[in-house]
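J.: Please read through the structure below; I'll follow up with questions.
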Amino acid sequence: MARQGCLGSFQVISLFTFAISVNICLGFTASRIKRAEWDEGPPTVLSDSPWTNTSGSCKGRCFELQEVGPPDCRCDNLCKSYSSCCHDFDELCLKTARGWECTKDRCGEVRNEENACHCSEDCLSRGDCCTNYQVVCKGESHWVDDDCEEIKVPECPAGFVRPPLIIFSVDGFRASYMKKGSKVMPNIEKLRSCGTHAPYMRPVYPTKTFPNLYTLATGLYPESHGIVGNSMYDPVFDASFHLRGREKFNHRWWGGQPLWITATKQGVRAGTFFWSVSIPHERRILTILQWLSLPDNERPSVYAFYSEQPDFSGHKYGPFGPEMTNPLREIDKTVGQLMDGLKQLRLHRCVNVIFVGDHGMEDVTCDRTEFLSNYLTNVDDITLVPGTLGRIRAKSINNSKYDPKTIIANLTCKKPDQHFKPYMKQHLPKRLHYANNRRIEDIHLLVDRRWHVARKPLDVYKKPSGKCFFQGDHGFDNKVNSMQTVFVGYGPTFKYRTKVPPFENIELYNVMCDLLGLKPAPNNGTHGSLNHLLRTNTFRPTMPDEVSRPNYPGIMYLQSEFDLGCTCDDKVEPKNKLEELNKRLHTKGSTEAETGKFRGSKHENKKNLNGSVEPRKERHLLYGRPAVLYRTSYDILYHTDFESGYSEIFLMPLWTSYTISKQAEVSSIPEHLTNCVRPDVRVSPGFSQNCLAYKNDKQMSYGFLFPPYLSSSPEAKYDAFLVTNMVPMYPAFKRVWAYFQRVLVKKYASERNGVNVISGPIFDYNYDGLRDTEDEIKQYVEGSSIPVPTHYYSIITSCLDFTQPADKCDGPLSVSSFILPHRPDNDESCNSSEDESKWVEELMKMHTARVRDIEHLTGLDFYRKTSRSYSEILTLKTYLHTYESEI
């Protein structure tokens, strides 16, 4: 089982136990475990048993699906976890006599109930044959030797209401292991080549087992379901959760609704999802096959198999060790036993199988360890969750001297070869979704791949020899390629011989619900984004309804009404050009504008614009106008080079969209337009920013959402300096934003044959990953009502086929998105004192994001007008550009 830097050859933990009011549980058991140098848990091994009672018998009860409560003894697959098995459980339920396979000499044997499985003539009717019985004794072929076949409809025996689902989960299966192919893993390779597969599946952060297994089960991020690590402390409970502690059995730690509970609540039977480690893999497979043979009214519809390998070997030998071949062969052999067993039951064209991992594995050793004692003088005053990531809290909750910001400062950019980066949790990249939970410590260390972090050397080298007992680990940033894992779907409901783009594991819960005909519980996935995996779709997503329609300004205010402290119009030469520039701002119109709200038609100090209505070209809104999904008031402002949705509440655009061709030129800003800001005569002075606020607030400056550098003409450049294109920016952040607009946008347009860019502000002061309400915004430009964003976003869309220009694309789209933290310093980049070309693009890659993340943080909905199907658009929205090399 996954653990923080596990060492040595010891029995691993299989899975946590969690009992809920319905009679299904998920379970972890601990054999007596050797204390490991990198183990997060307490040094003493606690008893995991709420009660112990061995009276009674397992005769006729082996692996019963109903969990028996205390004080009776148990015979289910998790009784070992609770030390509550009946006294004869091992004798009756864990038989191993004569092994797990038929041989020629066993065919037609006299039934012996002591055998692990049977090769007798009656074994098929009794459902307890060895999985290779038909092959050895009846001359049939192994499943793996049969040709791929397209299963267009489920071929199930009578009585099966729906195709059963078997989830075959493997711990620590790095995606690149699949490159070993059929020579090492012929059965898994056949599942991949004949079914649906992705190059990899992205785990959630942290890339540890507990968080990811429970994410697979619930579709929730760790910050949402509460299992934020393999170990954690809850300050409200004043309790700690560890692999071997009794707390893991307490339901209060586990949030959300896992799949087996969803199934039970909707009348669908679920088999066990987790297994005690003492139960051999072969017995687990045989038990699942026996459950599939139960009468219709007893047979579950969903099952799960869990393997502790190849994680255990990956930790011990590293992902590249030659010793990894045998564990992978053993996993493949188990897959073959399952598929042969299904074929033997005539269920191989009926059952859907998902082969899935929880995370990958990286090459890590003790020699690559950063010690906080080299940075801090008080490491004995802190508690560090160590290893491939670091979580820091005060050792004593009463330590009044503990100051997270001081610790962050003492850990930031102190060495040129530093291998970790400290963050306050709210400043972590938004794509990690790792802040909004009290169990996540305030200080977080993102550790470089292949490295560890510890408090001091004594925490690692506890033995006099100082020998390192591990060669691999996981837990790193979930976009790192070595952390990616495997996904394969095979069966009648999955597509045949289909490769799909990578996706995140939060999406699988919805797919599994679709396979079982269930309505998913609320989760972080985007239902419908993986419809392309399935042959037929039971769920068809629909576009959300727009909540707030925009205003279309139909008048303009007189120049004399504005006293915003802006210094630009007096620089316009000749003077009569000012009125001409303002006339450029008239509403260009469209069918939407004709039927929309035109604000204000009467005012003694206002004059109507040219009344003609021109057909609006979609040059800058290639995929339709973003919809606002909450109640507010905003205006659509048209310009030659860009369009904006201007918020009357925030006094800045919610979004600004523009399209840049491959041939676009970057122009300089004339000296007389430096520090230029113009009033926008279409927007009331009361709904405009006041430039004087920036003169009063010495800590704040401003920038523009549409870059003046990319204006198409000298006249259009004046549009870019409108106050309605202005947003508050810290001077340090302006360096990032200016380089992005001046250099990177042009670079992306050149590389991709043109791009559409949508940018805007984000407000997430409570760091819950959702749009803040007005009441939740905490910071304003001094002396004003101008709110200060916590982040800025940018969505860059082009044609996937770069031979097609962005504005003429008739095929799939490509997207790169960013959520850039808006902070008063650039300390995240240790070389920020250098030229922006040395660090800004790397900073942006760190803060890459999904469009879906941006939608949650802004309350906007993008890509609403396109010829692509909505499911295809959802797939685009959930895509993350990782900037990693190929797996």
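Each Cβ is built from the backbone N, Cα and C atoms, and glycine gets one as well.
For THR209, the entry in Swiss-Prot reads active site, nucleophile. Taken from Swiss-Prot, the feature Zn(2+) 1 binding site covers ASP171, THR209, ASP358, HIS359. Per Swiss-Prot, the feature compositional bias 'Basic and acidic residues' maps to 586-607. The feature disulfide bond is assigned by Swiss-Prot to CYS62-CYS93, CYS73-CYS86, CYS79-CYS85, CYS102-CYS119, CYS107-CYS137, CYS117-CYS130, CYS123-CYS129, CYS148-CYS194, CYS366-CYS468, CYS413-CYS830, CYS568-CYS676, CYS799-CYS809 (among others). Residues or ranges marked as domain 'SMB 1' in Swiss-Prot (evidence: sequence analysis): 54-97. Residues annotated as site 'Essential for catalytic activity' in Swiss-Prot, with similarity to another entry given as evidence: LYS877.
I'm curious about the neighbourhood of these features; can you describe it?
T.: Secondary structure from DSSP puts THR209 (active site, nucleophile) in a helix.
Neighbour density for ASP358 (Zn(2+) 1 binding site): within 10 A of its CB lie 30 other CB atoms from the protein chains shown.
Counting Cβ atoms from all protein chains shown, CYS62 (disulfide bond) has 19 others lying within 10 Å of its own Cβ.
Its Cβ placed at the centre, CYS73 (disulfide bond) has 23 other Cβ atoms within 10 Å.
When secondary structure is read from DSSP and collapsed to three states, CYS85 (disulfide bond) falls in the strand class.
All protein chains considered, the CB of CYS102 (disulfide bond) has 26 other CB atoms within 10 Å.
According to DSSP, CYS107 (disulfide bond) is assigned to coil rather than to any helix or strand. Around the Cβ of CYS107 (disulfide bond), a 10 Å sphere holds 14 further Cβ atoms from the protein chains shown.
The Cβ of CYS117 (disulfide bond) has 27 other Cβ atoms within 10 Å, all protein chains considered.
Mapped onto three states, the DSSP output places CYS129 (disulfide bond) in strand.
Just so you know, the Cβ of CYS194 (disulfide bond) picks up 20 other Cβ atoms within 10 Å once every protein chain is counted.
All protein chains included, CYS468 (disulfide bond) registers 18 other Cβ atoms within 10 Å of its own Cβ.
For CYS413 (disulfide bond), the same-chain residues lying six or more positions away in sequence with a CB closer than 8 A to its CB are ASP827, CYS830.
For CYS568 (disulfide bond), the same-chain residues that are 6 or more apart in sequence and have a Cβ closer than 8 Å to its Cβ are LEU673, CYS676, VAL677, ARG678, TYR718, PHE721.
Taking the Cβ of CYS809 (disulfide bond) as reference, residues of its chain lying under 8 Å away and at least six apart in sequence are, in sequence order, SER798, CYS799, LEU800, ASP801.
In the predicted model, the domain 'SMB 1' (54-97) shows an average pLDDT of 89.
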J.: How far is it from CYS85 (disulfide bond) to ASP171 (Zn(2+) 1 binding site), counting Cα to Cα, in Å?
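T.: About 26 Å separates the two Cα atoms.
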J.: Return the count of C-beta atoms lying within 10 angstroms of the C-beta of CYS86 (disulfide bond), excluding that atom itself.
T.: 24
J.: Are there recorded positions among CYS117, CYS130, ASP358 that sit within 10 Å of CYS123 (disulfide bond), Cα to Cα? If so, list them; otherwise say none.
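T.: Cα filter at 10 Å returns CYS117, CYS130.
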J.: Anything within 10 Å of CYS117 (disulfide bond)? Look among the recorded positions CYS102, CYS129, HIS359, LYS877, comparing CA atoms, and list what you find.
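T.: Taking CYS102, CYS129, HIS359, LYS877 one by one, the ones whose Cα falls within 10 Å of CYS117 (disulfide bond) are CYS102, CYS129.
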J.: Can you give me the same-chain residues 6 or more apart in sequence from CYS119 (disulfide bond) with a CB-CB distance under 8 Å?
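T.: Listed in sequence order: CYS102, THR103, ARG106, CYS107, GLY108, GLU109, CYS129, CYS130, TYR133, VAL136, CYS137.
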J.: State the Cα to Cα distance, in Å, between CYS73 (disulfide bond) and THR209 (active site, nucleophile), rounded to an integer.
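T.: Per the Cα atoms, CYS73 (disulfide bond) and THR209 (active site, nucleophile) stand 30 Å apart.
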J.: Which residue counts does DSSP give the domain 'SMB 1' (54-97) for helix, strand and coil?
T.: 5 helix, 3 strand, 36 coil
J.: For CYS413 (disulfide bond), name the DSSP secondary structure in the helix/strand/coil scheme.
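T.: DSSP assigns CYS413 (disulfide bond) to coil.
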J.: Within its own chain, what residues at least 6 apart in sequence put their Cβ under 8 Å from the Cβ of CYS148 (disulfide bond), listed in sequence order?
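T.: In sequence order, LYS190, SER193, CYS194, TYR496, ARG497 meet the Cβ cut-off.
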J.: What does the structure give for the C-alpha distance between ASP358 (Zn(2+) 1 binding site) and CYS86 (disulfide bond)? Integer Å is fine.
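T.: With distance taken Cα to Cα, CYS86 (disulfide bond) is 32 Å from ASP358 (Zn(2+) 1 binding site).
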